[in-house]
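Positions annotated as transmembrane segment by TrEMBL: A:35-57, A:69-88, A:95-113, A:119-141, A:148-166, A:213-233, A:254-272, A:278-296, A:325-346, A:366-391.
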């Protein structure tokens, strides 16, 4: 039987996408549901933009927002795969705390000589994170111990080790500047700044902070390149589809989608450029998001994870090595927890015993707000990222508004419940 | 004197985009066994859900008259209150609770919330006696077989003072013996004056017990046959809307060299390690040949096939597998697949499909490298493959983006089959390939099997339906209690010969 690249039969073409005048409308409706989450994020941002009288979108605050929430989003990428494969990981906050403490000890306290270099320490820490994930994943994958229990144990164990490592309740620091740049640094302006409005100089001959307008040109150029690439690849994918005789989404919808996304991206890029440029941690996050979107959407391993979460037995009988795959999902989670831990430590400039405490809940909430199913098999990377940003913007916005931390939690809980109820309701209706 | 106990008039039920039932009429007389038959997806289950109130009154059009009064059931509680009890195909028992606990679940004999266990167990014993089940009421459901579980379901229905018992495919997963016992029980209930509605695919059973048969096709009532008009051929004609002169497609076997050979294959039970499930089996299958494995439920056929397919069942597996004369390693599913062996499961929902994903992703799952380069999936190639197999196996769906969970049994089976065809195996093991699917889809599956054989695949078909084996295979192995107890050419096999081999084999084993 011929299986290789058989040209599509004509009958399949017609059925691929329904045709007729209703296409545009129905496509819009399906897409509205798909983009509902992003619209929700935009609505929340606009809301806080008003209630904080414009502080939310201030360049300084945007940088803060990214630096405060990036570790949640980084860990949510791993958590998405864990949840899609039908598991849960409660240990990520503790692992992050432990790795932060370990990194601090290696860089500040232990006499490691040249090995205490931040880069070396970071690499070692990521490897150890992977090993922690492997240790937990081993019990889950090969001995079928429920992940809830294994990682609950891990949560206790690594929080304990974290505190013991730091010698009780003390914190260890300050961490070297090179390391802190991971969280608080910005990409260097290799092109050079462009001053549009020179800053005001006061009587003493010093410039006034925040006056004038100087653009970080490397940021602008990177932003433009990214937007153009996005539009180019979108167009190219459309063309290949059409060349193979398949119908792509309606052109108007594609144009609107691309324009809105690009405008939004360029606006944010401009805001960053008018401050100090793109934060390094945003670049790290962006690269990881792109990587995980690609892995889940296009790569066989991603497909296999979804199949395993949807029906593990069927996946196994289709030749998928489900045990090894589960182990890899947890190794990946471990590495990303470690990266999260490094980012937290770099932002605080020191390791504290409570670093990452409770963050597993924020991470899990982000994934569920993003539309993942607790039963496994369903969930999108972009959903988890947007879910993470929704949590982050709410944290940030409410803090600026001066909402009490206690009530912030109440609001976040309600948003989590509301998002999932909405999702389930929508699915049952469809 | 008979009177009408139930009349459903002009029932129409629409789901978004689909008209599941249109003007269906069903009239059931008191004290009869009324069979409802139809292809999968014809609307039988939907009709029963309307009757039992799963779809609440108001969500459909039409009238239900039960014992002379018009009923508007808002939920299953309302209908049960009136004595209408439905037993679903998938049994609704809690495995880790006892028989007594299951029977009175939600309905316990209790005072102020404190359960009177003695009363429960006494009543359970009485009910079990009625259905002819000799088990301790304290036995856990998980420890008894499917046949007995079915009887527990019926006992549970009896505990609710049932007047109209609805059985949805009650014998689908029962052995021949258990099925017979169940049908006898239905006849016994009939003598006691109970009315039953039986939904079944097995026309010989319908033929045996039903007083009337209502045929449903494409959401419409086609006709209701009285006892004297009931015959399998008549029902089939009515079900598929055309007469099936031949239930099996014609085929001219072109049999070549031996492809797969299994020698002295033994397997032990995965939990009860001392129990040997498969006892030294030797079989072989040749190129272009369709080999059948006959046997009763529990003969070990599925266990044999799954242990062969990457040790998916059992432990302490010993024996040798030869592919074209060379020993091969089949110790994991991926190795078996790489050697060109495919196993199409008997339980497509549990072992065959990812029900929350669409047809396209299910079809390519066993051969992702076939649609990818450097582990990156080529979306368009995948789409082309999926559309190709959708056409080849005649999967009926709006597109390859339909969720497999929403397909009918026959179409689900075609998706599983497509998945394994795309993996391009040399040896294809089909386990109960037509279980629970309708006559029309069965014929299509047989046609696919015949085509694959003519393309030179070696095919093993495991089936409990002897006519099917006789109709589509070239050679039949008979299995009993983990052994091969007979081998015969299909041309000189018969149902009697197969049964005799089984009985003889039983004598030998004991």
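Every residue, even glycine, has its Cβ placed from backbone N, Cα and C.
Note that TrEMBL annotation is computational and uncurated.
Residues 70-72, 74-75, 77-79, 81-82, 85, 87, 89, 91-92, 95-101, 103-104, 122, 125-126, 128-134, 136-138, 140-142, 175, 179-184, 281, 284, 288, 301, 304-305, 308, 355-356, 359 of the same chain lie 6 or more positions beyond the ends of the transmembrane segment (A:325-346) yet place their CB under 8 Å from a CB of it.
By the count of Cβ pairs under 8 Å, the stretch nearest in packing to the transmembrane segment (A:119-141) among A:95-113, A:148-166, A:213-233 is A:95-113. Here the transmembrane segment (A:95-113) has Cβ contacts under 8 Å with residues 71, 75, 121-122, 124-125, 128-129, 132, 154, 158-159, 161-162, 165-166, 172-176, 179, 334, 337-338, 340-342, 344-345, 350-357, 359 of the same chain, all six or more residues outside its ends.
Across the candidate stretches A:35-57, A:69-88, A:148-166, A:213-233, A:366-391, the maximum count of CB pairs under 8 A to the transmembrane segment (A:278-296) is reached by A:69-88. Listed by sequence, the residues of this chain that lie at least six past the ends of the transmembrane segment (A:148-166) yet keep a Cβ under 8 A from its Cβ atoms are 88-91, 93-95, 97-98, 100-102, 104-105, 132, 136, 139-140, 172, 351-353, 355, 357, 360.
Note on the transmembrane segment (A:69-88): residues 96, 140, 147-148, 151, 183, 279, 281-282, 284-285, 288-289, 292, 296, 305-306, 308-309, 312, 325-326, 329-330, 332-337, 339-341, 343-344, 347, 356, 359, 362-364, 366-368, 370, 372-381, 383-385, 387-389, 391-392, 395-396 of its chain, located 6 or more positions outside it, place their CB under 8 angstroms from a CB of the stretch.
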